[in-house]
Amino acid sequence: MKKWLLGIVSLMLVFGIFAGCSNDDASKDMSEDEWKDWEGTITMWDGPRWADKDENKYHWIEEKMSEFQKEYPNVKIKLVKTPWAEMNDKLSVAIAGRAWPDIAPVDISGGSVNQNHIKQGVIAELDSYLSKEEKSDFYDNAIDAYTTDGKLYGIPTSISVHAMLLNLDIFEEKGVEPPKDGKWTYDEFVEKMKALTGDGVDGFSTYILPSYYEAWPFLLMDGGYPLNEDMTEYTFDSEEAVSGLQKLVDLKYKHKVTPESMGGQDVGGTWKAWAAADQRTVAVEPWATWAIAAAQGEKFKTNFMVAEYPTGETGEPVTIGGVGGYVMFNSKDEAKKRMTAEFMKYITSTDEQVVTAKNYGTFPARKSAADQEPFADNPQMARAQELAKHAVPVPRHENWARIDEAIQKELQLALNGEKKPAEALKDAGEAVDGIINE
Amino acid sequence: METNTSTTRKVNQSTTRNTKTKSLWKEIYKNRVAYLFLLPKLLFFVLFMLVPIVWAFILSFQEFNIMGSTWVGFDNYITAFQSKVFKVSLWNTFIYTVVTVPAFVITALVIASLVQPLGKMSQSFFRAAFYLPTVTSMVIIAMVWRWMYNYRFGIFNYIIGWFGFEPVNWLGQSDSALPALMIMSILIPPGAGIIIYLAAMNDIDQSLYEAARIDGASAFQRWLKITIPMLKPTTLYLVILSTIGSFQVFTQIIMMTGGGPGNATETIVHVIYKTAFRDFKFGLASAQSVILFFIIMIFAIFQYRTLRDHH
């Protein structure tokens, strides 16, 4: 083969492959209703939710897809089933390769999709697809979580908070009264943990890991917060934050009511120590609300109650909250975006939020869904829902994933006894200041 | 006069180079069918290895965003070397490599030496037995080992409990987390190493051992004076290969410690991964990758020069 011919063939092959990988759709103008005739495929990623009788944990979204496709026969929705544990990493890689899906379930404060992506135009703005009336049905904090510079970048579906879960079997075995109405001060909490600890049982345990906030309400209980209001300064080295961390560290080293491994990174092991029938060695652990549904399920059926985090100097049972929802990834095809938004609205409607709340253990982000009282017959979830009013969000800084890691790594060292709380939070500050000032 | 000699030498060198190039092309043309069969693989190599490597090198001089990029010169390299975490990760990876590579090679050598004198059937059995774990995904191995290191239920704390020792928070403490990961790497059977050593040992000329035996050399002396020197090229290959592997340690880190506690188990590839896919700083991640590339290259050259067989 001639050299020039070989060169051309190779180039064509290379361009052909890259063109095949391209995610861009042809841009086109459309009239008001033209989007309804749009023909094509919407790719959606979703994680497993509650199982049906065939153990299919994607049955809910499959059913919604099928209903929507009946209404719009030209549309094909392709579901990419993605385990939650892999969702962040896979989305990150997909974004990096500019091969993102059209819709994905994203907690906007999480690591894989964040403010940076909004700035870079990866996430589509949704204001033109949701009317003011539609938006007003969502709780303000839910809408705020997906709003940047006054523009909406996602449809919230659920609100979650962290709560203390108390294994009542262990309380009973040890003859310890659970806190009345799930309320306790830090001192009362310590007394109860001491009474629960012994004979192979520990009162309390949790873990420290980037992007996990189960332990953080302790740091906030005396008034600490990681960043100042305009997110230009690190403030977790304040007296209030140090005092909060000291209280958490004291549980391990002063009051000795936790296992030696408390503050490690073993999420699964920590959960089993509270919930697995054959490994129950911890009486109290803080978890996000999904754990309530898990502890009510058959596999980890647990006799438990939901309690507030103990109160510190602020007198408030502070907790950390988060908002889950769906985001649309950008595309140049306006008709496709409009159709995708329609599907997003379909799966985040009031009825669907009630269904997911009841079956999946999340709090609805829509007021109209909450009004239907999905937890009327589930006192544990209802109790957790009450905690939502004490929930504070993590800062929505564009480099939060890095800031979070810098703080969490120092928290690990403090919980290991390798650094004093004040030293750990000061050292975290050095790293965080560097990130903020970049 | 000197200028003339120099010009003549240059002309001669140029002519020799041209002749060599021509004969190379002639050789390729002569074996064109073979090269045609190699072409698909070569294309894949160029597309999926060479292009990304060159691209990563170019990216390392850019600030790369998802929607565009700008040239920043050596800024990414400066940022990488100024980063405390990156420096810690370099040190951790170095320690990990220095400990695990000799352990891997020595273990493979010892096991292969014990298996080699056995009959063919037994050799085959041990080959399979030692190679089988290599097939298992590191993710699975890491999950099992994480359970073995569990503070309360893990087998390691159970065993040390027999001897009256207090349980150790293996993966949770800064001073034990990296050693725990190294112990794991050392205790996983070096299946590939054993197979390669066995193949090389079976190729050693038996007359050398016969002669040594006649001269009264003991089994250990024969192993030390014949087997090990004859295996030098194989050892070099395994050392270089396992060094590259050790410098790229990643799965264990992400599965078992996430780089913690603190930065105790941060390694270079884990930092590169986070820089690229969490922070979306592809330019910086590429600079870190290029640094890793040169570190591995320097190590490989050093090892090659130290261990190569001069004969």
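Backbone N, Cα and C atoms are what each Cβ position is placed from, and that goes for glycine too.
As recorded in TrEMBL, the features of this protein are as follows:
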- B:33-58: transmembrane segment (TRANSMEM)
- B:90-303: domain 'ABC transmembrane type-1' (DOMAIN)
- B:94-116: transmembrane segment (TRANSMEM)
- B:128-148: transmembrane segment (TRANSMEM)
- B:177-200: transmembrane segment (TRANSMEM)
- B:235-255: transmembrane segment (TRANSMEM)
- B:282-302: transmembrane segment (TRANSMEM)
The answer for the transmembrane segment (B:33-58), taking Cβ pairs under 8 Å and residues 6+ beyond its ends, is 286, 289-290, 293
Kindly say whether the transmembrane segment (B:128-148) and the transmembrane segment (B:282-302) touch, using the definition of 3 or more Cβ pairs under 8 Å where each pair is 6 or more positions apart.
no
Looking at B:94-116, B:177-200, B:282-302, which one has the highest count of Cβ pairs under 8 angstroms to the transmembrane segment (B:235-255)?
B:94-116
